[in-house]
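A quick write-up on the structure given underneath.
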Amino acid sequence: MEESISTEEAKPTVTKRNNTCSWLQRIVNIDDVPNQIHYYAGFIIGTSALQIFIHLLTYINIFWNGRPFRFTLSYLFIFFVPCMRPTSDVSCGSLIKNTTCDYDDRLKHICFSFMYPHQLWRFFSGALFHMVWYHLLTNISKQLLYGILLERKYGSVRVAILYWLSNLSASLSFMLKNGNRAGMGASGSIYGLMIFFVMDRLVALQEKTERRLFILLQIFLLVILPNAPTMIIISILKFPVGHSAHFGGGLVGFLLGVGILGCPLPWINRQCRYGIIYKYIAFSLLFIYFLTTLTIFFVNDAPNVSYILI
C-alpha cells in the first residue's frame, strides 16, 4: 500500500513537468503544418562551433609577428576598409606633424602584406571573430536561437544565404557610416536572422487568425524578451555598438523575408495576385541596394586613418 501511495503522489509532479516541456516545445515550434519535415541545423551549429574555436585561440599566450597572438588574429579577421581598398596619396604632414611618413608601411603591418590592399575576405571573416567572451556569448546564444529554428524549417542552403548576405550588408552599411573604423562580430548576420524570423511569424499571424495571441506571445518571448536586457546594458555601460551594421543585416532579413514569404500585411489576401508583385519589388530593392553599396566600395579609395601613426 505504501508503494502505491508514493506512486500516486509522484504522478502530479510528472504531469506538471510534461506540461511545462510541452508548452516550451510549442513556443519554439514555428511549423506551418502538422508533421512538417525538419532539416538538420548543421550550418548554424557548425558556424557557432567555428566562432567558439576561433575565440579560444585568442587565449594562446604567445607573440607572433611582433605582437600578442590575440591581436594578430584580430588584425587578420576584422573588417577594416583600409586593408581592402587602396588609399589615396597620403601627406604625413597633413595628418600629424613631425612624423616620419611611414603610413603605408604601418598600415601594411597591421593588415598583413598578403593581398594588401585587396583583402576582400574581411567581408566575411569579421563575423567569425569576437575579441571578448561576453560579445561571443551574446551573439552565439541569439544565433543558435533564431538560426536553429529557421534552419530546421527552411534548410541549410536558405539560412546560409540569409546569414552571409546579411553579414555582407552589415559590412557595407558599416563602411558607409564608419569607413575608417574596424568592425567584428556576427551581430549583423544575427539581425538578419532575427528580422526574417519576425517576418515568418507575421506571415503566420496573417494566415492563422485563430492562433494570433499565441504567435504574438512567441514574438514577445523569442524576440523582445531576449534582446531587451542586452539593449539596456549597452545603453547603461555605453558599449561601442555598430548600429549601422545592425541596420544593414536587418534590412536583408526584411527584404528576403518579403521576397520569400510575401508581404505580411493584414489587409493583403494570401491568394491575391498582387502578392507576387511585393516579392519582385523586394528582390529588386535588394539587388539595387547591393549594387549601389558595392559600387561605392570599389569606386572610392579607403579613408585615411591617421591614428595609426600615433
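Cβ coordinates come from backbone N, Cα and C, glycine included.
According to TrEMBL, the protein carries these features:
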- 37-57: transmembrane segment (TRANSMEM)
- 69-87: transmembrane segment (TRANSMEM)
- 118-260: domain 'Peptidase S54 rhomboid' (DOMAIN)
- 120-137: transmembrane segment (TRANSMEM)
- 157-176: transmembrane segment (TRANSMEM)
- 182-203: transmembrane segment (TRANSMEM)
- 215-237: transmembrane segment (TRANSMEM)
- 249-268: transmembrane segment (TRANSMEM)
- 280-299: transmembrane segment (TRANSMEM)
Same-chain Cβ contacts of the transmembrane segment (37-57) under 8 Å, 6 or more residues past its ends? 69-70, 73, 77, 127-130, 133, 136, 139-140, 143-144, 147-148, 151-156, 159-160, 163, 186
Ranking 182-203, 215-237, 280-299 by Cβ pairs under 8 Å to the transmembrane segment (249-268) puts first 182-203
Non-local residues, at least 6 beyond the ends, that sit with Cβ under 8 Å of the transmembrane segment (182-203): 30, 51, 74, 77-80, 126-131, 135, 139, 142-143, 146-147, 149-150, 153, 159, 162-167, 169-171, 173-174, 215, 218-219, 222-223, 227, 242, 245-250, 252-254, 256-258, 261-262, 264
Long-range Cβ contacts under 8 Å made by the transmembrane segment (157-176), restricted to residues 6 or more beyond its ends, are 43-44, 47, 79, 81, 122-124, 126-127, 147, 150-151, 183, 186-189, 191-193, 196, 242, 244-253, 256, 260, 289-290, 293-294, 296-297
Who are the long-range neighbours of the transmembrane segment (120-137) in its own chain, taking Cβ under 8 Å and residues 6 or more past its ends? 47, 50-52, 54-55, 58, 70, 73-74, 76-80, 83-84, 164, 167-168, 171, 183-186, 188-189
DSSP helix/strand/coil residue counts for the domain 'Peptidase S54 rhomboid' (118-260): 119 helix, 1 strand, 23 coil
Across the domain 'Peptidase S54 rhomboid' (118-260), what does the pLDDT come to on average, as a whole number? 92
